[in-house]
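Here Swiss-Prot flags 1-78 as region 'Disordered'. What Swiss-Prot lists as compositional bias 'Basic and acidic residues' is 20-43. The annotation L-aspartate binding site is assigned in Swiss-Prot to 302, 346, 502, 506 on the grounds of similarity to another entry. Annotation source Swiss-Prot lists region 'Aspartate' at 324-327. Marked as ATP binding site by Swiss-Prot: 346, 347, 348, 354, 355, 356, 499, 547, 548, 549, 550.
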């Protein structure tokens, strides 16, 4: 059969429509997917020009975060020994221009100039230098921003090239050079400072003037006749007058570790160290032996109540008021010339500008052949050699102190002017002022200062000696004057009208010593060992004790002994 079998139209039509519908949906779905892909590709292609730069910057930032020339170093626990060549800020001079140096210092200040430049002041003790961090080469923008955000007083390691400056950098000690930084790392990061170093470093004359101006305005405000507008104007002037933070002495001492970072204060203690060094050098050169006496003793070393009492196991002990008795025991042991640098304790409730309950004593004792003035000559020679040494070896430190605390240069001559107590009292009496008539056989503080001014006017010096004091105002071991038992072979040394040393010929006869001790109220049993040491023969001897902090205070004209004490102790302060 050649004919085809007919297919029912209805059945064939229904099947064809369903298949077409499914195929249509499939095609539409595929089309949407294709369009979405095309759109995404088109957007990606259209944005390729701008997004390329953004991606590059992002990648660059990621690289910079891992940069090897800036950041914060891990804590140094001495894991390994590394040999590197370091340069002190003080060594940065024009002789190093063009050379690469490695510096460790404190970040004193930082100043961002836009996004790509930062100026930093680095401080190392007394010395400061400017460092510049600029974008370029291996220095990234992130590095510049990082340096600009390093907290003040952080300790940093800086690798840099020394370059000369066309204009002196007046804000730094190293004025003729600066550093072009190539690496910058934090060694020890500082937290928020309770006091700013800038405030602690402020020149005293600026603070004094501000205080004077404020007092004057305050006095004007006390006028009850002022109208409201006048009061408002004065209050405004008072507010405008306050330009500087005036940090009190108490706040400085409460934050002593920060206060001592100030260059002027660093210099004070370098000078203090210098006084000890010069004291030791001079006496060693004259044949003295350095000794170290005990500070916990069984009895008060001086008469009086100014002694710290301690519980010592099952008995009582005292803190030594001086090494006096032990210096003399050394003389009895034929040491002949001895000195000591050590702590001295005085339980005196004296809240003055020149008293401390603990200070450093510079003591000496020596035998003499004919007259106690041999010892006085030694003291004169010693002190003037110290003054001379400070001038020649510590000029930079003196200049640094003078910048913050201006003072007149210390004047002295050798031999120094000497006066008896009566001669000095007569100079004061010439003023015809009842306040300067010497009573009680000794000078008071006001009389001492006035005497210093008189001698400065007449002799042009700040250092002088007064000899032959009344025996009743000297310790029990002081030798009386054989020509007049009311006087003593005793002397004081003065700087700028304040006593810095008391000394005398000592009693070396045990019977006279015991008699004198009894007359001064000393319990003989407590010092029997001391008295007995003179029973086996003892050379005549003399000496003195100098207060270290007082010497530094007066030489630099500081006005308060607490500035010359590392961590001062007075009746109200036991910390830090």
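Cβ coordinates come from backbone N, Cα and C, glycine included.
Keep in mind that what you see is a predicted model, and the values were worked out from it rather than measured.
Regional average pLDDT for the region 'Aspartate' (324-327) in the model is 92. The most densely surrounded of the binding-site residues 346, 355, 506, 550 is 506 (count of other Cβ atoms within 10 A of its Cβ). Maximum intra-site Cα distance, ATP binding residues 346, 347, 348, 354, 355, 356, 499, 547, 548, 549, 550: 19 Å.
When Cβ-Cβ distances below 8 Å are used as the criterion, the region 'Aspartate' (324-327) is approached by residues 291, 293-294, 301-302, 338, 340, 363-365, 475, 477, 527, 530, 543, 545 of the same chain, each at least six residues removed from its ends.
In terms of DSSP helix, strand and coil, the region 'Aspartate' (324-327) has 4 helix, 0 strand, 0 coil. Other C-beta atoms found within 10 angstroms of the C-beta of residue 502 (L-aspartate binding site) number 18, with every protein chain shown included. Here is what falls inside 10 Å of the CA of residue 346 (L-aspartate binding site) among the binding-site residues 355, 499, 548, 550: 355. In this structure, the C-alpha atom of residue 550 (ATP binding site) lies 13 angstrom from that of residue 502 (L-aspartate binding site). Mapped onto three states, the DSSP output places residue 355 (ATP binding site) in coil. Cβ neighbours within 10 Å of residue 348 (ATP binding site), excluding its own Cβ and spanning all shown chains: 17. Within 10 Å of residue 502 (L-aspartate binding site), counting C-alpha to C-alpha distances, fall none of the binding-site residues 348, 355, 548.
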